[in-house]
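Everything on this sheet refers to the single structure shown next.
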Amino acid sequence: MEPQDPVKREGRLTPVIVLATLIAAFGSSFQYGYNVAAINSPSEFMKDFYNYTYYDRVGEYMNEFYLTLLWSVTVSMFPFGGFLGSLMVGPLVNNLGRKGTLLFNNIFSIVPALLMGFSELAKSFEMIIVARVLVGICAGLSSNVVPMYLGELAPKNWRGALGVVPQLFITIGILVAQIFGLRSLLANEEGWPILLGLTGIPAVLQLLFLPFFPESPRYLLIQKKDEAAAKSALRRLRGWHDVDAEIEEILEEDRAEKAVGFISVLKLFKMRSLRWQVISIIVLMAGQQLSGVNAIYYYADQIYLSAGVNEDDVQYVTAGTGAVNVLITVCAIFVVELMGRRFLLLLGFSVCFTACCVLTGALALQDVISWMPYVSIACVISYVIGHALGPSPIPALLVTEIFLQSSRPAAYMVAGTVHWLSNFTVGLVFPFIQVGLGAYSFVIFAVICLLTTVYIFLIIPETKSKTFIEINRIFIKMNKVPGVHPEKEELKEFPPSTARQ
C-alpha cells in the first residue's frame with residue numbers, strides 16, 4: 001500500500017497543499033507586490049488629482065513643496081502600515097490561527113480597495129492616504145503570516161519550495177501592476193482609480209475559497225490542544241490516513257517547549273537559547289531591504305534612459321525587468337530543495353554585491369565611455385536575478401524554520417518590524433543619498449551585501465530537509481545551551497502567556 005512507502009509519502013504534493021498554497025499566496029502575497037508597484041505609473045495623474053481637488057476646496061493650487069510632501073506621505077504610508085501590520089502578527093495568529101488571520105486580513109484589502117476606487121468620485125485624496133495605510137497593514141500581516149502558514153502545512157522536503165511561493169506571488173503582483181500600469185491600459189486620467197481598486201479582487205477570492213482548506217495542524221495540536229482536528233487536517237494535507245508519525249514529531253516539539261509557554265517579543269530577546277536565531281533574522285531582514293533592491297528599481301528608469309531607451313518605451317523595459325524577477329523566483333522554487341537555503345543566500349548576496357560594485361563604476365564612467373550605459377543595464381538585470389534567487393525569498397522561509405512553534409509568532413513580529421522599518425528607511429533616505437553621492441550611492445549597498453554575505457557564511461546553517469527539532473538542535477550547540485529552553489528560571493519573572501487559551 002502507498003502509505004507504507006516512506007519515500008513517496010515524504011515527497012508527495014497533494015492537491016490540497018497545492019491549492020491552499022496558491023489561494024493563500026494569491027489572496028495575500030500578490031496584493032503586497034501589486035500595491036508596491038501600482039502607485040508608480042499613475043503618479044503624475046494622481047498628483048494632478050490632488051492639485052485639482054485642493055483647488056476646488058480653497059480656490060488655489062498647492063505649492064510645489066506641499067504637493068511633494070503630500071505625495072511623499074502617500075507613498076510612505078504603505079511601509080508605515082506594513083510596520084503596524086507586523087506588530088499585529090503575534091496576537092492575531094495566536095488567537096485566530098494562521099488561516100483565520102489571513103481571512104481577517106482581507107478587511108485591510110477590501111476596504112482600501114473601495115476607498116481608492118471611489119476616491120476620485122468622492123473628490124478626496126485623504127481616502128487614498130488612509131487606504132495606503134490599510135493596504136500596508138494587509139501587506140505587513142501577509143508577508144509574515146503566509147510563510148508561517150505554508151511552512152507549517154508543508155512536509156519537510158517541500159517546505160523550501162512552498163516557502164518561496166509567497167515571494168513568487170509578490171513578484172507576480174509587481175509585474176501585473178506594471179502591465180496594468182501601462183499608459184495604454186490603466187495608467188491614465190480615467191483609469192488610475194480602477195488600477196488602485198483592483199487590489200480588492202484577490203481578497204474577495206481568498207474569502208470565498210480559503211475557508212475550505214485546513215488550518216495549520218501545528219496550531220491545532222500545540223496551541224488549541226485539538227488532536228482530532230490536527231489529525232484530520234494532516235490527513236487532508238498528506239493524502240493518507242496514517243499520520244501518527246508526524247503527530248508524534250509535533251508533540252515532541254510541544255513537549256520540548258511546554259515549560260516556557262508561548263514566547264513574547266520581550267522573552268524572545270531575553271532567552272539565551274534563541275540568541276543566534278534572533279540575531280540572524282535581524283541581519284537577514286535588514287540585509288534584504290538595505291541591500292539596495294528598492295534603490296535599484298528607483299534608479300532603473302534613469303539607467304534605461306541613459307542607455308538610449310525612448311522615454312515612452314521605458315515602461316515596457318521596466319515590465320520586462322519585472323518578468324525577469326518572476327522567472328528567476330520560479331527557478332528558486334525548483335532549486336531551493338536541491339541547493340539549499342544557505343547556498344542561495346550566499347549566491348544571491350554575492351551577485352548583488354558584484355552588481356553594485358560594477359554599477360558604481362559604470363555610472364561613474366558613462367559620460368566618458370559610450371558603451372557604459374549598457375553595462376549599467378546588465379548590472380540592473382544581474383542584481384534583480386541575484387536578489388530573486390536568495391535575498392528576496394529565503395529570509396521569511398528561514399524565520400519559519402529556525403524557530404519552534406512557541407517563539408515563531410514573536411519571531412515574525414521582529415522580522416516584519418525590521419523588514420518594514422528598513423524598507424521605510426531606504427525609501428526616505430535614498431533620494432538624499434542619491435543627491436549627495438550620485439553614482440557612488442551603490443557603494444553603501446555593496447558594503448551591506450558584503451557584510452551580510454560574510455555573516456551568512458560564518459553563522460547561518462543549512463536547514464534543507466530537516467525537521468524543526470533537528471534545526472533547533474543545531475542552534476542549541478551554537479547558543480551553547482544544554483536544551484531547547486534552559487532558562488526556565490529566568491522566565492518566571494515574565495507574566496504567563498495567554499496564547500494557549
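In case you wondered, yes, glycine gets a Cβ from its N, Cα and C as well.
Among the features that Swiss-Prot reports, N-acetylmethionine is placed at Met1.
Among the features that Swiss-Prot reports, topological domain 'Cytoplasmic' is placed at 1-18 (among others), with the record citing experimental evidence.
The annotation transmembrane segment is assigned in Swiss-Prot to 19-39 (among others) on the grounds of experimental evidence.
Around Tyr297 (D-fructose binding site), a 10 Å sphere centred on its CB holds 20 further CB atoms from the protein chains shown. Reduced to three states, the DSSP call for Tyr297 (D-fructose binding site) is helix. Marked as D-fructose binding site by Swiss-Prot: Tyr32, Gln167, Gln288, Ile296, Tyr297, Tyr298, His387, His419, Trp420.
Swiss-Prot lists 40-68 (among others) with the feature topological domain 'Extracellular'. Across the topological domain 'Extracellular' (40-68), DSSP assigns 21 helix, 0 strand, 8 coil.
Under the heading N-linked glycosylation site, Swiss-Prot lists Asn51, citing sequence analysis as support.
Residues annotated as transmembrane segment in Swiss-Prot: 69-91 (among others).
Here the topological domain 'Cytoplasmic' (92-98) is broken down by DSSP into helix, strand and coil counts: 7 helix, 0 strand, 0 coil. Among the features that Swiss-Prot reports, topological domain 'Cytoplasmic' is placed at 92-98 (among others), with the record citing experimental evidence.
Residues or ranges marked as transmembrane segment by Swiss-Prot on the basis of experimental evidence: 99-119 (among others). Packing against the transmembrane segment (99-119) from elsewhere in the chain are residues 24, 27-28, 31, 49, 85, 89, 92-93, 125, 127-128, 130-132, 134-135, 137-138, 141-142, 145-146, 149, 193-194, 196-204, 206-207, 210-211, 213-216: each is 6 or more residues past its ends and has a CB under 8 Å from a CB in it.
Look at Swiss-Prot and you will find 120-126 (among others) tagged as topological domain 'Extracellular', backed by experimental evidence. Listed by sequence, the residues of this chain that lie at least six past the ends of the topological domain 'Extracellular' (120-126) yet keep a Cβ under 8 A from its Cβ atoms are 46, 49-50, 53-54, 56, 70, 74, 192-193.
Listed by sequence, the residues of this chain that lie at least six past the ends of the transmembrane segment (127-149) yet keep a Cβ under 8 A from its Cβ atoms are 24-25, 28-29, 31-32, 35-36, 39, 46, 73-75, 77-89, 92-93, 98-99, 101-102, 105-106, 108-109, 111-113, 115-116, 118-119, 163, 166, 170, 196, 199, 203, 216, 396-397, 399-400, 408-409, 412-413, 415-416, 419-420. Sequence annotations record features per position, and here Swiss-Prot assigns transmembrane segment to 127-149 (among others).
Within the chain carrying the topological domain 'Cytoplasmic' (150-161), a Cβ under 8 angstroms from the stretch's Cβ atoms is held by residues 10-13, 17, 20-21, 24-25, 98, 214, 216-219, 237-238, 333-334, 336-337, 340-341, 397, 400-401, 464-467, all 6 or more beyond its ends. Feature annotation from Swiss-Prot assigns topological domain 'Cytoplasmic' to 150-161 (among others).
Outside the transmembrane segment (162-182), and at least 6 residues removed from its termini, the chain residues within Cβ reach (under 8 Å) are 17, 21-22, 24-26, 28-38, 40-42, 142-143, 146-147, 150-151, 153-154, 195, 198, 315-316, 318-319, 322-323, 325-326, 329-330, 332-333, 336, 388, 392-394, 396-397, 400-401. As annotated by Swiss-Prot, transmembrane segment applies to 162-182 (among others), with the evidence given as experimental evidence.
Remote same-chain partners of the topological domain 'Extracellular' (183-192), defined as residues 6 or more beyond its termini with a Cβ less than 8 Å from a stretch Cβ, comprise 41-42, 45-46, 48-49, 120, 312, 315. According to Swiss-Prot, the feature topological domain 'Extracellular' maps to 183-192 (among others).
Within its own chain, the transmembrane segment (193-213) is flanked in space by residues 16, 19-20, 23-24, 26-28, 30-31, 34-35, 38-39, 41-42, 99, 102-103, 106, 109-110, 112-114, 116-121, 128, 131, 135, 138, 177, 180-181, 186-187, which lie at least six positions past its ends and keep a Cβ under 8 Å from the stretch. According to Swiss-Prot, the feature transmembrane segment maps to 193-213 (among others), an assignment based on experimental evidence.
The residues of the topological domain 'Cytoplasmic' (214-277), classed with DSSP into helix (H, G, I), strand (E, B) and coil, number 45 helix, 0 strand, 19 coil. The feature topological domain 'Cytoplasmic' is assigned by Swiss-Prot to 214-277 (among others), with experimental evidence given as support.
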The recorded stretch from 19-39, 314-334, 372-394, 440-460 sharing the largest number of CB pairs under 8 A with the transmembrane segment (278-298) is 440-460
With Cβ distances under 8 Å as the criterion, find the stretch in 314-334, 372-394, 413-433, 440-460 that has the most pairs with the transmembrane segment (343-363).
-> 372-394
If one looks at the chain holding Asn51 (N-linked glycosylation site), which residues at least 6 apart in sequence have a CB under 8 angstroms from its CB?
-> Tyr61, Met62, Leu67
Just how many other Cβ atoms lie inside 10 Å of the Cβ on Trp420 (D-fructose binding site)?
-> 27
With DSSP as the reference, give the number of residues of the topological domain 'Cytoplasmic' (335-342) in helix, strand and coil.
-> 7 helix, 0 strand, 1 coil
Have a look around Tyr32 (D-fructose binding site) and count the other CB atoms within 10 A of its CB, chains all included.
-> 26
